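Colleague: The structure follows.
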Amino acid sequence: MQQQINPEIIQEISDDLRVQVLTEALPYIQKWRNEIMVIKYGGAVVKQDADIIKDILFLTCCGFQIVVVHGGGPLINEWLKQLNKSPQYWEGIRVTDKVTMEIVEMVLAGKVNKQLVGSINANGGKAIGLCGKDANLIVAKASSKKELGLVGEIEQIHPQVIDMLLEKHYIPVIASVAASHDGTTYNLNADVVAGELAIKLKAKKLIFLTDTKGILADINNENSVISTLNLKEAKNLANTISGGMIPKVNACICAVENGVEAAHIIGGKEKHQLLLELLTEKGRGSMIVV
């Protein structure tokens, strides 16, 4: 049984726009139908979830198999501050001590994960929330950078539970928390999780929804989005990107090098950017290909 979308979502679109969108989208729908796409839902855009959820459900109605990986950094910081604990970073990565790890797990695997699952289901979808611990989906190990504390790296991925859910037309929603073989809980970088899952699942596309419109040629001009890059061009960005864009671009490069057909970085704060990027010729964000 395919996902059933809330009819109100379609009614919001004018007749002329419906025809235009469907005509342009049809070749892309035919090409990607039944293919897996991994969408990384950045913590900075979680508050814009209503429109993004509609886009995700539209894609599932078209037959795309969607896997969602989410972050939640801003909300983690809010909870840390409520407990009078200041967020700590080392080389741009969150330092995760035992108390911080408990908050990270509570926020990501609890609040944010269930919020997204609830939103999808309320709009007629069928979502199930997971974290790396569930069915040993992701086995973690300690980072080689001891300064980071309980920040982990991916040791193994066992995707069978995702395969089972996709076969039954569910949308897996995954929080980036996992345990090691000895049961220690680790905080994983959600960008890395999304990229590695895309490779393991043999996804055709990896999509990052962020608070910027894409990869910018000029960091001071938000409209200077680079539409398409090959791997060589993406690797040459090392000196022009910074902060949270670095792990996203690196994950895109790794995914494309390992069989993912295309990786996208797009803005999540404006309506329907996901559909415009995937189902139109012009697109809206940045796409990295071989």
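Note that Cβ sites are derived from N, Cα and C of the backbone, with glycine treated the same way.
Per Swiss-Prot, site 'Transition state stabilizer' is recorded for Lys40, Lys248. Residues or ranges marked as substrate binding site by Swiss-Prot: Gly72, Gly73, Arg94, Asn187.
Could you give the neighbours, burial and distances for every feature on this list?
Modeller: Take the CB of Lys40 (site 'Transition state stabilizer') and look out to 10 A: across all protein chains shown you find 30 other CB atoms.
Look at Asn187 (substrate binding site): DSSP puts it in a strand. Within 10 Å of the C-beta of Asn187 (substrate binding site) there are 26 other C-beta atoms, taking all protein chains into account.
Secondary structure at Lys248 (site 'Transition state stabilizer'), taken from DSSP and collapsed to helix, strand or coil, is helix.
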Colleague: Which residues, in sequence order, are found in the same chain with Cβ within 8 Å of the centroid defined by the Cβ atoms of Gly72, Gly73, Arg94, Asn187 at the substrate site, excluding those residues themselves?
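Modeller: Counting only non-site residues, the set is Gly43, Gly71, Ile76, Thr96, Val104, Val107, Leu108, Ser176, Ala190.
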Colleague: For Gly72 (substrate binding site) and Lys248 (site 'Transition state stabilizer'), what Cα-Cα distance in Å is obtained after rounding to a whole number?
Modeller: 15
Colleague: Please determine which of the binding-site residues listed here (Gly72, Gly73) has the lowest count of neighbouring CB atoms within 10 Å.
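Modeller: Relative to the other binding-site residues in Gly72, Gly73, Gly73 has the fewest Cβ atoms within 10 Å.
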